[in-house]
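Structure first, commentary second.
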Amino acid sequence: MYPAHLLVLLAVCVSLLGAASIPPLPLNVAQFDNMIECANYGSRPSWHYMEYGCYCGKEGSGTPVDELDRCCKAHDDCYTEAEKRRCHPKFSAYSWKCGSDGPTCDPETGCKRTVCDCDATAAKCFAKAPFNQANWNIDTETHCQ
């Protein structure tokens, strides 16, 4: 084999190894967003729930500040339980429908159903809970210890 071919082969292998270490984007984020908007009939965009209280958003800690924040904590806990069962909630695509009573999971089994149930329950909980503007984008360092 020619040295140039070896260099090309080495470059391909190195680039594949590098690509393998890049984490994939969450697949079900769009599904969960759509479920939230289905449950609340489009009255509040899903991004409003991203920086709410101590648990709605990236990571949660402390005591939930209200009912809506408790919904987010329950969703986090549901994902934690799914992970214990070797499911990957943020990367599990599932099937569901939006009906007059909100989101409903299709009859799937295993991880897809588990994650779908977590998201549907949370979306319905969000729709029922009041949104307190004072708890949006709070200082989590102060309020969530």
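Glycine is no exception: its Cβ is also placed from the backbone N, Cα and C atoms.
Feature annotation from Swiss-Prot assigns signal peptide to 1-21; the stated evidence is sequence analysis.
Secondary structure from DSSP puts Cys98 (disulfide bond) in a beta strand. Per Swiss-Prot, the feature disulfide bond maps to Cys38-Cys98 (among others); the stated evidence is similarity to another entry.
According to Swiss-Prot, the feature disulfide bond maps to Cys54-Cys144 (among others). A simple way to gauge crowding: the CB of Cys54 (disulfide bond) has 23 other CB atoms within 10 angstroms, across all the protein chains here. In the three-state DSSP reading, Cys54 (disulfide bond) counts as coil.
Among the features that Swiss-Prot reports, Ca(2+) binding site is placed at Tyr55, Gly57, Asp76, with the record citing similarity to another entry. In the structure as shown, the Cβ atom of Tyr55 (Ca(2+) binding site) sits within 10 Å of 25 other Cβ atoms.
What Swiss-Prot records for Cys56-Cys72 (among others) is disulfide bond, and it gives similarity to another entry as the kind of evidence.
Annotated disulfide bond per Swiss-Prot: Cys71-Cys125 (among others), in sequence order, evidence recorded as similarity to another entry. Under a cutoff of 8 A between CB atoms, and with a sequence separation of 6+ in the same chain, the neighbours of Cys71 (disulfide bond) are Cys56, Ala122, Cys125, Phe126, Ala129.
Around His75 (active site), the same-chain residues at least 6 positions away in sequence with a Cβ under 8 Å from its Cβ are Tyr55, Cys118, Asp119, Thr121, Ala122, Cys125. According to Swiss-Prot, the active site annotation covers His75 (among others), on the basis of similarity to another entry.
For Cys78 (disulfide bond), the Cβ neighbour count at a 10 Å cut-off comes to 18, with all displayed protein chains included. Taken from Swiss-Prot, the feature disulfide bond covers Cys78-Cys118 (among others).
Counting only same-chain residues at least 6 apart in sequence, those with a Cβ under 8 Å from the Cβ of Cys87 (disulfide bond) are Gly110, Cys111, Thr114, Val115. The disulfide bond annotation in Swiss-Prot covers Cys87-Cys111 (among others), and the record cites similarity to another entry as its basis.
The disulfide bond annotation in Swiss-Prot covers Cys105-Cys116 (among others) and rests on similarity to another entry. Note: Cys116 (disulfide bond) has non-local neighbours Tyr94, Ser95, Trp96, Cys105, Asp106, Glu108, i.e. same-chain residues 6+ apart with C-beta under 8 A of its own C-beta.
Summarising the annotation, Swiss-Prot assigns active site to Asp119 (among others) and lists similarity to another entry as the type of evidence.
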With an 8 Å cut-off on Cβ distance to the Tyr55, Gly57, Asp76 Cβ center, who else from the chain surrounds the Ca(2+) site? Gly53, Cys54, Cys56, Lys58, Glu59, Gly60, Asp69, Cys72, Lys73, His75
Find the shortest Cα-Cα separation between Asp76 (Ca(2+) binding site) and the disulfide-bonded residues Cys38, Cys54, Cys98, Cys144, and name the residue that gives it. Cys54
